[in-house]
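S.K.: Below is a structure I'd like to ask you about.
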Amino acid sequence: MIRAHTVAAVREAEAPRLTAGEPLMARAAFALATRVAAELRERGHRVSGSVVLLLVGGGNNGGDALFAGTHLARRGCQVHAALLGERPPAAGLAAARAAGVRVHEVLAAPDVPGAVVALARAAGVWVDGLTGIGARGPLRAPLTAVVGALAAEKAASPDEPVVVAVDVPSGIGVDDGALPGPVLPADVTVTMGTAKPGLLLPPAAAVAGRVEVVDLGLDGDLAAAAPAVCRLAPADVADLWPVPGPADQKYTRGVLGVVAGSQAFPGAAVLAVAGAVGAGLGMVRYRGPEVPTGLVHARHPEVVAAPGRVQAWVIGSGIDPDDAARTQAMEESLAAALAARLPVALDAGGLSLVHDDGHPDLPATVVLTPHAGELATLLTARGEEVTRADVEAAPARHARLAAEITGATVLLKGAATVVAAPDGPLYAQADATPWLATAGAGDVLAGVLGALLAGYGDAIAADEEGRLTALPARLAAAAALVHGRAARRAAGQGPDGSGPGAPITAQDVAAALPGAVGALLR
Ligand SMILES: NC(=O)C1=CN([C@@H]2O[C@H](COP(=O)(O)OP(=O)(O)OC[C@H]3O[C@@H](n4cnc5c(N)ncnc54)[C@H](O)[C@@H]3O)[C@@H](O)[C@H]2O)[C@@H](O)CC1
Ligand SMILES: Nc1ncnc2c1ncn2[C@@H]1O[C@H](COP(=O)(O)OP(=O)(O)O)[C@@H](O)[C@H]1O
Ligand SMILES: [K+]
């Protein structure tokens, strides 16, 4: 699992070590130089003779860059430093000069962005040391124009140069993942001590590239500070996955009640069920009208259409809230779930059940699964005027707000999926592929989540002391990981999303689920 800590937590962890004179910057800079050298080698370049440009701001982030440049110069790189802060870090500058780094006072140039771009065009690596955790708000002039010009250069030739961000890509919202102004998208971010929330949260996570965490020896101090954002890795999901044992039978593995699909949208029923059975569980009980029931049975003859005991529910995929009969079925199932303390995935039309305060204080065992547009509608219905664009600009903040207002856990779908509970860390999963942006993919996710919730349903229902309140958020993040990985598999991409892939349907994603789960457990 990757854990990200806020700027305040990092500062608190660093403070006693800096007072004690621990050479944190030296460690950071050495690791940064090592990473730059590795990037050069991985791209088939010799380290010696390569041209590296350091973009140096006025704080310690620029200091990291300068000391790393010192190491690289000693290893034979031709290192240039563009000084872009009013007061460049003195110790780093002296060390860099002594090691033969060529220093450019570009702020004195008549055309600052032009002067930096001229240096950048000659370099194979750009090291972004403009701002780190000391940044406040969007980048200010002249950095705005410099970064804008460099970003345009990089966009024109994405393979060369390699952009390595120091700690964070300068200009992102370090704690909230916002993109308040221009940034230079990185290929790799070398982050110090621990990941930062903005490296995991959308939209900023998309400009961080691969994130490499440098061990500064802060782990012990940070272990006491709760992470602000987590990202599950496949091994974490394998640990959580309900793997049946010899003593299991279908009822102990978990039975999922599915109230999805309608005469108007019968396909959603098939897809939600396909997600659940593909993820693996004891049994699905389907509750719906004739047309979707027939379709579900045609695809999944094992599904039981009779009422009976369940351990979790999926409610709402493919249901129009104006369909009175289906809305009544949704209400009845939600009420039954709440009375029995069973977990619920509330999807699509099911979200309308919480548009008013008919259920004023949901438990965190109810997981809402909106996309950005649905979350905007939900929040607006609950008195917070927001648009889809507002949600997309700050997904984590809006997911958390919805969790606080409703009491539920909120899984917000998108290119990266964010999960927020009223308390506890956020989760940010980026395991999917843009090929997954296709109709019905969300119904499959609801089914996957339902299967996981059913596996833990009895434990959650029996949890009187509230020891498992953090579990639904973790299970939701796990569902997003498996769903995303199944999509990559279906699209013919590598587990890390490598390769161009190919078009997929929601059914393809469901069909790839057993293989994706199996690969995790291996
Ligand atoms: N504190 C430590 O001991 C360590 C810090 N390290 C590095 O130090 C960094 C933090 O250093 P600092 O606290 O000096 O802060 P930064 O270097 O992140 O930023 C401060 C500088 O950026 C300028 N600045 C702030 N907001 C700006 C904006 N919106 N537009 C333009 N300029 C802006 C400030 O005027 C100042 O010159 C970390 O990100 C990391 O890279 C590492 O060396 C590890 C150890
Ligand atoms: N650009 C993207 N990259 C990766 N995954 C995406 C992207 N866009 C959407 N997704 C994922 O695709 C799924 C779409 O679900 P949803 O919007 O509910 O569609 P539907 O309602 O048609 O089922 C979600 O899991 C979402 O996270
Ligand atoms: K930076």
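Placement of Cβ uses the backbone N, Cα and C atoms for every residue, glycine included.
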S.K.: Which one, SER48, SER157, SER170, SER262, is listed by TrEMBL in the same K(+) site as ASN61, ASP128?
M.R.: SER170
S.K.: Starting from the AMP binding annotation in TrEMBL that includes LYS413, GLY414, ALA415, ALA416, THR417, which of GLY383, GLY442, GLY447 is the extra site residue?
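M.R.: For the AMP site that includes LYS413, GLY414, ALA415, ALA416, THR417, TrEMBL also lists GLY442.
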S.K.: Tell me which residues of the chain lie with their Cβ under 8 angstroms from that of ASN61 (K(+) binding site), as long as they are six or more apart in sequence?
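M.R.: GLY129, LEU130, THR131, GLY132, ILE133, GLY134, VAL166, ASP167, SER170 - these are the non-local Cβ neighbours of ASN61 (K(+) binding site), listed in sequence order.
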S.K.: Residues with Cβ closer than 8 Å to the Cβ of GLY63 ((6S)-NADPHX binding site), same chain and 6+ apart in sequence?
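M.R.: Expected: MET25, ALA29, PRO89, ALA91, GLY92, GLY129.
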S.K.: If you run the three-state DSSP split on ASP128 (K(+) binding site), which class comes out?
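M.R.: Once the DSSP labels are grouped into three classes, ASP128 (K(+) binding site) ends up as strand.
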S.K.: Going along the chain, which residues six or more apart from LYS413 (AMP binding site) have their CB under 8 A from its CB?
M.R.: THR369, PRO370, HIS371, ALA372, GLY442, LEU445
S.K.: Beyond the listed site residues ASN61, ASP128, SER170, identify every same-chain residue whose Cβ lies within 8 Å of the center of their Cβ atoms for the K(+) site.
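M.R.: Residues close to the K(+) site, other than ASN61, ASP128, SER170: LEU55, GLY57, GLY62, ALA65, GLY129, LEU130, THR131, GLY132, ALA165, VAL166, ASP167, VAL168, PRO169, GLY171.
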S.K.: Which of these binding-site residues (ILE133, ASP167, ALA416, GLY442) have a C-beta closer than 6 Å to some atom of ligand 2?
M.R.: GLY442
